[in-house]
Amino acid sequence: MGQLPGAGVFCRGGCGFSRLLAWCFLLVLSPQTPGSRGAEAVWTAYLNVSWRVPHTGVNRTVWELSEEGVYGQDSPLEPVAGVLVPPDGPGALNACNPHTNFTVPTVPGDWGSSVQVSWLALIQRGGGCTFADKIHLAYERGASGAVIFNFPGTRNEVIPMSHPGAGDIVAIMIGNLKGTKILQSIQRGIQVTMVIEVGKKHGPWVNHYSIFFVSVSFFIITAATVGYFIFYSARRLRNARAQSRKQRQLKADAKKAIGRLQLRTQKQGDKEIGPDGDSCAVCIELYKPNDLVRILTCNHVFHKTCVDPWLLEHRTCPMCKCDILKALGIEVDVEDGSVSLQVPVSNETSSNASPHEEDNRSETASSGYASVQGADEPPLEEHAHSANENLQLVNHEANSMAVDVVPHVDNPTFEEDESPDQETTVREIKS
């Protein structure tokens, strides 16, 4: 088949993958004439066989309307006809000996001469030589074509022969049963004539084992791929649902915690409105009278409209990251179960508390938040009195230390401004 116009120019010009793929499809799907061969095309052959008994004038013609043979991969796709002639000798059916001869019938010619009729070599497959050797020998002996029948035991199975270098004459393969029947007729002295015509074109030639293997492999790969995607999708869906449930639960807990936080309306004279007053860390605006503010457990103050949406999503202070759920002792449900975080909201501190504990910030924030909640009442004297009562003596062999413990504060400077009467005193007594 000739090259499609412009195909070479496109490929030499660095064509894109999509354009090259389109050209390849055109090359594969383009129609082919019977005189040309596709790389994977298989052409069948229609056979018209006639039997003629010598000296009796009786002709027996059998029309074969089915696909009886297969053209070789290197054979010309042309019709051909002739008398079938097997190799001479009982052991020469394979035609592997280069000296093999064929006894070709003749017909009377002009001036009393005899002329060989057009004939086709009938050769059996096998014998230790290739298809090309058999076909080339038949061509050298003057045959118009070669008819090769399959091994014994293969019934009427045929394959597309590969015979490079031996494409001078038509070569087809027929089944063993068909070839044996013709051979037996010839051996009984019956002249057999065969007319070969081009049949139908078929796709790539594959045997039953290849089809079975490809089908099973495709099924396994498809099943594995579908199973993986089902498992992956189910896992993602389960994780998404669990995450959604967790987020909804956390938002519900955050709403509960926000409802327990203190609200206060700013009035003229509050320290947040004074000359040294701070601004809201969320909107960066100064506090004004009648502003509604939210006081968190860590004593940080924000506009209610600014901090409430933040707390719903993050549940922590925008400045110090103090967890309001832990500080208020609200139970937090997680995926594996329910964990209750109970944090005492009081001014008392255990004498053996480690400064490296993870919940120290929450306890500190809770203590400070309790002091802010009672800012409008007179609890400062009670705090100072309680702090003086929390004097403990800790003995460590040769050294002893007495510590005055006051309520924990998250921001000492802020607490000193709010309650200047409180002091933190640490006395170390060495014995």
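Glycine is treated like the rest: Cβ placed from N, Cα and C.
If you look up Swiss-Prot, you'll see 345-354 marked as compositional bias 'Polar residues'. Here Swiss-Prot flags N48, N59, N101 as N-linked glycosylation site, drawing on sequence analysis. The region 'Disordered' annotation in Swiss-Prot covers 345-431. The signal peptide feature in Swiss-Prot is assigned to 1-38; the stated evidence is sequence analysis. Per Swiss-Prot, transmembrane segment is recorded for 211-231, and the stated evidence type is sequence analysis.
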Positions on the same chain near the transmembrane segment (211-231), where near means CB under 8 A and six or more residues out:
none
Rounded to the nearest angstrom, how far is the Cα of N101 (N-linked glycosylation site) from the Cα of N48 (N-linked glycosylation site)?
26
Where does N48 (N-linked glycosylation site) sit in the DSSP three-state scheme?
strand
